[in-house]
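Report on the following structure.
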Number of protein chains: 2
Amino acid sequence: MPPFEVPEGDPFGPHNLPYGVFSHAGSQERTVGVRLGDHVLDAGAAARALGSPYASLLARPTLNPLLAAGRTAWSDVRRALTAWVTVPAHQETVAPFLHPLSSVTLHLPFEVADYVDFYASENHARNVGRIFRPDAADSLTPNWKHLPIGYHGRSGTVVVSGTDVVRPSGQRKAPADPAPVFGPSVRLDIEAEVGFVVGVPSEMGSPVALDGFREHVFGLCLLNDWSARDIQAWEYVPLGPFLGKSFATSVSAWITPLDALEEARVAPPERTHPLLPYLDDSGEEPGGYDLRISVAINGHVVSEPPFSTMYWTAAQQLAHMTVNGASLRTGDLYGSGTVSGPEPAQRGSLLELTWNGRDPLELPDGKRAFLEDGDVVTLSAWAPGTAGVRVGLGEVTGRVVSG
Amino acid sequence: MPPFEVPEGDPFGPHNLPYGVFSHAGSQERTVGVRLGDHVLDAGAAARALGSPYASLLARPTLNPLLAAGRTAWSDVRRALTAWVTVPAHQETVAPFLHPLSSVTLHLPFEVADYVDFYASENHARNVGRIFRPDAADSLTPNWKHLPIGYHGRSGTVVVSGTDVVRPSGQRKAPADPAPVFGPSVRLDIEAEVGFVVGVPSEMGSPVALDGFREHVFGLCLLNDWSARDIQAWEYVPLGPFLGKSFATSVSAWITPLDALEEARVAPPERTHPLLPYLDDSGEEPGGYDLRISVAINGHVVSEPPFSTMYWTAAQQLAHMTVNGASLRTGDLYGSGTVSGPEPAQRGSLLELTWNGRDPLELPDGKRAFLEDGDVVTLSAWAPGTAGVRVGLGEVTGRVVSG
C-alpha cells in the first residue's frame, strides 16, 4: 500500500495527525513528526521542501515553538499538513520524508514546564474515599464538588511512552507497625489519565477564564500517573503526595491537537452543586471529551475507563489553576486525575480495581493485587470522529523494572 | 572610596561574592554579576577582558551554565573571582566592569526547573499543629520525625526579589459557612525560608546519598513562600497546598555559594527518633547552617528566625527527594520550609506570630493579623564568617498589591 494510503477507518488517518518528536536510528537529531497511519512525516523537512513558512515551527527539536505559536497558527499548520498528505501534488514532494514508525525513535515531544495533577473523576474520588475513609459520612471531602482539587507534580520525571519505570523505594508504615520500614514499594499502581498541554502562556496576575481554554491549550495525550500506594499513604498527610508519585509520569509520544477532537466534545455530567461564577460552565460550549480509554497489563485489558464521565472539565481545571493569578507557560502539562467510570470494569487504577488489594485481578499469567516487576502497562484510547471514523490517541506504555 | 574597597566588616565583601543576573538600564541583555559591597561585577565581561576560560560560564544570561558545571568548576571560578577583585593587577583590568548596584536591574538568577517546598522546622510544624489541630494528642503528624515532609510547588511563579505580589483571589469557606465564597484572600501571609539551588543533575533511578549534597547543590538564598491561608485551608485536604501557594514565591536576586558558608556549618538539633539509614546523618559532617534571618514589615522587624534550629537538613531533604529514584535537574529549587525558632519572636509566619490572627502584631502603622495591600515584606539574613566578619545573604522583598 502506498505510504499515504491508510486502511479504511484507520484511527491515525489524515483526520487525526497528532504531533510528536522523533529521531532516526543512529542520529541524535530530533525533529517534529506528524503521525499518519504507521508512518511518521518529518514535518520540518516537508515544510522546507515545499517552501512553507511553517518550517520555523516544525523543523525544531521540540513542539514548544509550535505550542507557543497560538491557535491561529495551530489551525493554519494543521490545514497545511492535511493538504501535504492528501493532495497528490504535495504528496509527491513530501513522500521522501515519510518514514515507517518502526524505523524511528520517539522522544518526549515537548519540554514540560509545570506539571499539575487533578482529581476530577467523581467515581474515582468516591472509590478512594470508601477505601481509605470507610467510616466517613460522605465518601467525598467537603470541597470536592466546589473546586477541582489538584496539586503540583514533578515535571522533571515526566517521561515518554516506552520508558522503563524503576520500582521506587521509600518509607512505608502499616498502621500497626511501630516504625516505618524502607524498601521497594510493594503496592505499585497506575492511574489512567488524560494530560492537557498548554501552548500559549499567560501573565502573572491575570486569570484565564473558562472560554480561554481553546486559546491556551494545544492538545491532549494519554498519561499514566504511576503511584506507589504504600509510600503515598505514609507521607501524604498533611501536604499531599510527593515521593509516592514523583518517580515517574509517562505520557504518550503523540499529542493530539484539540482540532482533531471536535466531534468528541460532550457535555460533562450534570452538576449537583451550584458553582462559583469562574467555574460555572452551564453557558459554555460542551467542555467534556468522549475518550474511550483502555488499560492493559501485559496485553490483557483490565479496564475501560470512559473520559466522558469526568465531573470537572479541562477548561474548569485551567480556570481554577489560574484564578489566583498563577501564570501559564508554554509546556505546562496538567493531568485530569484518574479516569474511573461508574462500573467496576471502568476503574482507572489497581487500587480501585482490586479494592486496595483485597480482590486481586485474575490475569492469564496469574493474580495481580498491584504491579509486579516485568509487567507492561499500556493505555490506549480513541474518540468518535467524523463519519464514524475513530480518532486514535497515541498509546502510553511502560514496563516495571526492579530498582 | 574606590570601588574595590568595601567598609570594614561589610557582609558583602570579597569573602562572600554571591552570584546574580543583571541588566543595565535600557538594555534587555542579561548577564551574570557578582556582588561586591554595593557594586556588581559584570563577571562575564571581566572574564573576557582577562582572557579567562570561565567567560563561557559567566557571560551568560542565567546562572544555569555555571550551576551545571559542578563543584570543581564552582571552586575554580570562585577562586578566580576572588583574585580579580582583590589582586591589584586584576582590579585594574576589571574595574570598568564594576557597576553601582543602584544602576542595574536584577533578574531571577536562574531558570527554575522543579520547585519543592519542605516543612522542616519542628517549632513551625508544632505551632501549625497546635493552631489547626488543638485537640490532637501530638502536635506533629506521625510521620514528621521519620521523614522530611515536602511537596511540589509551582516553578513558573518563582519571582525575583522586588517583584510586586498581587493579592490572590480564590475560594474560602469558614467551617460554619454553608458554601464557599470567592474573593481576594483576607489571610495573606508570608513564610520565611531558605531556598537551595541544585546545580548538577542526577539520573532517574539513582538516589543521591547524604554525602552527595555538596556535589549537587550550588548554593542557597532567602525565599518567601507567600501563602493565602484562607484559600489553603479550604483546598488542601486531601492533596495538599495548591492555589494557596502557587500565585508567587519570591527568591533573593543573589545566590550565595555554599563555599562562602563554610564557617556557618553547624550540627542540626539532636534527633529524638532513630532515622532510616538513608537519612541518618549522625556520621556525616555538620548538615545545618547558622543563618540569622530577620523578617520586616514596612521596615519594622517582626521576627528573627534562626535557621540553625531546623530539624531536617538540606542534605537530608535532597536524599529524601531522590530516594525514590526521582532525578535532579540543573535549576531545581527546594525550600527549607518556614523557619521558626522556639521563641515567639522567632516565628517565620504571621500565622504563628499572630496565632492565626488572634493576637495581631502592633506595628508603627497599625495592627496586623495578616498582610494589607501596600505592605512591603523583607527577609534578610547573615551568617558567621571567618574572623567574625558576617556573610550577608541577599534580601528578598516584595510589596503586596491589590488584585
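Using N, Cα and C of the backbone, Cβ positions are placed for all residues, glycine too.
No curator has checked TrEMBL annotations; they are predicted automatically.
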Of B:D76, B:D225, B:D230, residue recorded by TrEMBL at the Ca(2+) site of B:D117, B:E191, B:E193
B:D225
Hey, how far is B:E191 (Ca(2+) binding site) from B:T249 (Mg(2+) binding site), Cα to Cα, in Å?
10
Same-chain shell around Ca(2+) excluding B:D117, B:E191, B:E193, B:D225, C-beta within 8 angstroms of the CB centroid, reads B:A192, B:L223, B:N224, B:S227, B:K245, B:T249, B:G335, B:S336, B:G337, B:T338
The sparsest Cβ environment within 10 Å, among the binding-site residues B:E191, B:E193, is found at B:E191
Starting from the Cβ centroid of B:D225, B:K245, B:T249, which together make up the recorded Mg(2+) site, report each further residue of the same chain whose Cβ lies within 8 Å of that point, ordered by sequence.
B:D117, B:G153, B:R154, B:E191, B:L223, B:N224, B:W226, B:S227, B:S246, B:A248, B:G335
Enter the number of other CB atoms within 10 angstroms of the CB of B:D117 (Ca(2+) binding site).
27
Based on DSSP, tally up the residues of the domain 'Fumarylacetoacetase N-terminal' (B:15-109) by helix, strand and coil.
46 helix, 23 strand, 26 coil
So which one is it: of the recorded positions B:H124, B:D225, B:K245, B:T249, which has the fewest other Cβ atoms within 10 Å?
B:D225
Going by C-alpha distance, which of the recorded positions B:D117, B:H124, B:E193 is nearest to B:K245 (Mg(2+) binding site)?
B:D117
Write down the Cα-Cα distance for B:H124 (active site, proton acceptor) and B:E193 (Ca(2+) binding site), rounded and given in Å.
11
In Å, rounded, how far does the Cα of B:T249 (Mg(2+) binding site) sit from the Cα of B:H124 (active site, proton acceptor)?
19
